[in-house]
Each structure stands twice: as C-alpha cells, then as structure tokens.
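Some notes on the structure that comes next.
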Amino acid sequence: KGTIHLFRKSQRSLVGKLTHEFRLVAADRRSWKILLFGAINLICIGFLLMWCSSTNSIALTAYTYLTIFDLFSLVTCLISYWVMMKKPSPIYSFGFERFEVLAVFASTVLAQLGALFILKESAERFLEQPEIHTGRLLVGTFVALFFNLFTMLSIRNKPFAYVSEAASTSWLQEHVADLSRSICGIIPGLSSIFLPRMNPFVLIDIAGALALCITYMLIEINNYFAVDTASAIAIALMTFGTMYPMSVYSGKVLLQTTPPHVIGQLDKLLREVSTLDGVLEVRNEHFWTLGFGTLAGSVHVRIRRDANEQMVLAHVTNRLYTLVSTLTVQIFKDDWIRPTLSSVPIANNILNLSDHHIIPMPSLKAADNLNPVTSTPAKPSSPPPEFSFNTPGKNVSSVILLNTQTRPYGLGFNHGSAPYSSVLNQGFGIPGMGATQGFRTGFTNVPSRYGTNARGQPRP
C-alpha cells in the first residue's frame, strides 16, 4: 500500500502543461521535420536582422517579417498535428479544432501589425532619408527568398492551405491573375501554373524579392536611397492585402457564422427534411463552421403524435449528415392539450334576476399551469401562442349588476326581466307557467323564467 498524502499537490502550472503537450507532439515523427525547419528559421531570422541593421534598409526589414511569418506558420502546423492527436473532452465537447483557427487568425493579424509598423517607419524616413549600404542587401534577399519558398513548398500546412483557397482573393492575386490570363493566351502550357490563381504566400515572396532587386539596382546606379523606402511601403501593402482576407475568413469562423458557400445547400436539405413523413416543422436551425472544413449545427424538429421519434431522428440525421458532420437534433412531439374551462355549481337563485343580475365569469387560473396548445414550448420572448387562452381578461371576477326596477308583488306576475316580445307589445310579460319552467340549455327547474319545455306549448 502506498503512502496516504493528506495534502495533494495542486495541478500543474501553465508552463508544465505546455511542456507536456509539446512532448506529446514531439513524440510523433511527422513533427520532427517541422521542428527542424523551425530551428533553421530561427537561425535565418537572426542573420537577416543583423544584415538589416548593417545595410540600414527598411525594405529588407519588411521582407524579413515574411520569414517571421513563416515561423508562425510552422507553429500553426504543429498545432494542427496536436489537434489531430487530441480527442474531445467534457470541457471541449466539440474537440480542439478551433485552436488551429485561432492560430491562423493570430498569425495573420501579427503579420498585418508588422506591416503597419513598416508603414509608420517608412513615413518617418521620407522626412529624413538615411544612406543605404548595398553590401549584403542582395544576399539577404536571396537567402530569405530561398528559405521562404523552400519552407512553403516542402511542408504541407493544412490550415493555411485551406484558408488560402477558401478566403477571397487579394488585390495582388487579382492583378496577377489578369496578367496570367494574358500570358496563358500566348503560352497555353503555363495555365497549370498560373491559373486559376497562384498561392498567395509564394506570390508575395516573389513580389517582395523583385522589389528588393529593383531597389538594389537603383541604389547602385543612381544612389537613389528613397527607393528603399518606397519598396518597404510596397512590401508592407502587399503583406497587408494578402493577410487581410485570411484574417476576415478565420475571424468569421471564430464568430460561428454560417459559411456563405453552403447556405444554398443547407436550405435545400432543410426543405427535404421538412417533407419527411411525420415532420411538421423545422425551426431554430443554426449552423456554423467549427473548424476548417468542419460544419456543426443544431436543429429543432416538431413531429406528429403518432410518428416514431427514432425513425424521424434517423432520417433527419441521414439527410443533414452529408453536409453537417457534428449535428444535434431535438425532437418535439406534437402533443395537443386543450385547456378546459372550470365548471362551477349553479346556485338555486343564480338565474333569478328579480333582485340583481349575476354574470358568472369562470376562473381561468388553472389554465396558467397548463401547457399551451402549441406542440412545442415557446421561447420566453415570443408572444403567447394561439388558442392558449392567455387573454387579458382571464382574471376578471364575477360582475353583479343591481336591478333598481321594482315589481308589484301579489299581482299574479312572476318576478324577473320581461321578454323581448312583451317589450315590443308594450306589456309587462306573460304569466309564468309553473315551477317546472327552465331553459332549453339544460338548466331545468330554474324559477322566474318565461316559457316552458313541454311539447306543444307556445313560446313567447
């Protein structure tokens, strides 16, 4: 038997948890290649920052930020491997796929912040342009270009590959696509490379290197140092324009919005579900992107009382599962409960209108505790359902109307209100026909009413 510890050690710290998860990822051999590229990336960034300081070139600094972005993409690829290893937990019931979405969003936003920093520094340099040394400018350009392209083409980064295809095209891609169509019209064999659209990361790497080469030539020929600042602004604008559509797309995923390209398919599937046998209504549907390529959703289905819940659930799930991988279906049976009015015993003199008129109002207090007639519970914010008897006058008590008219007693007339026929004949009414008189509605032996139930007797 082991030792009993009265005071157990608290849970591991954040650093300990990160170390444990990193060891879990590092145990997979697929991660070794990414870790190797990450180490080489750090060395390359160190050399590029040193050359940026020695050349005093802000354009090379802006291009170095693309290499730093490559490091972020490698970290995102590691997170993608970690997500595939982890299984859903009670806290994260939908899994950990949103972590890679958050990693893509953070990487693209940081790249845009770096571009804004370059724009701010370039605006200051326009006021006082320093001298640019071109000794290592061209070397740094080719080193950064080679490493960026080698990293992008050697490692398949699943999150960024999906975002680059799903997000809208940048202005740089659109301009290059127009140029590519013209080139492919002359040389059709290049259509597989330039069409339909180029990889945005490869495109920005090539465009940035081309801007640095033009900067090197202009400085070497004419000592035109301001072109370095202009190239830095161009690289920053291209970086911002390339990363912005990806930030918007990943941000919409984090906000749990429905992807626009699947709205038509979802509407078609919901129409098919509403026509299934036993289904009366489909409502409260909500579909959102859980991760890259993973759609989640929930829907409420109202069915008939005689329908089989499991059968309907199987058919609905089968229809929607083709598009929605993580689906929650809530089944409501159409159970109609009609609230009945509470009946009260009628007193002997309740219909005796000689002294006063009593209008009994049955209490609908019990109807509050009953379910509404609608088949499914309504939302608290929705108006009361139809036929729920939730009317404003449900708590109105009985109304007593005093009768101030006096009737002569002992003259052979029954007490009570005169019928319409006697009023039209300008008389006091017809004498009563005995104690067995009553209504046709079933209230027999009610005193002080005109008419009789005997067959053959005339009615007033």
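Every residue gets a Cβ built from N, Cα and C, even glycine.
TrEMBL lists 32-51, 63-84, 96-117, 137-155, 201-219, 225-244 with the feature transmembrane segment. Summarising the annotation, TrEMBL assigns domain 'Cation efflux protein transmembrane' to 35-255. The feature region 'Disordered' is assigned by TrEMBL to 371-391.
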Note to self: Give the nonlocal contacts of the transmembrane segment (137-155) in its own chain as ranges (CB under 8 Å, at least six residues past its ends).
What the structure shows: 33-34, 37, 40-41, 44, 47-48, 51-52, 55, 57, 60, 63-64, 66-67, 70, 73-74, 77, 199, 201-202, 205-206, 208-209, 212-213, 215-216, 219
Next item on the list: Determine whether the transmembrane segment (201-219) and the transmembrane segment (96-117) share at least three Cβ pairs under 8 Å, counting only pairs 6 or more apart in sequence.
Entry: no
Notebook entry, point to check: Cβ under 8 Å to the transmembrane segment (32-51), counting only same-chain residues 6 or more beyond its ends: which ones?
Noted result: 26, 60, 64, 67-68, 70-71, 74-75, 77-78, 81, 136-137, 139-140, 143-144, 147, 151, 154-155
Notebook entry, point to check: Taking a Cβ cut-off under 8 Å, which residues six or more beyond the ends of the transmembrane segment (225-244) line up next to it in the same chain?
Noted result: 57-59, 61-63, 65-66, 108-109, 111-112, 114-116, 118-119, 121-122, 125-126, 129-132, 170-173, 200-201, 203-204, 207-208, 211-212, 214-215, 218-219
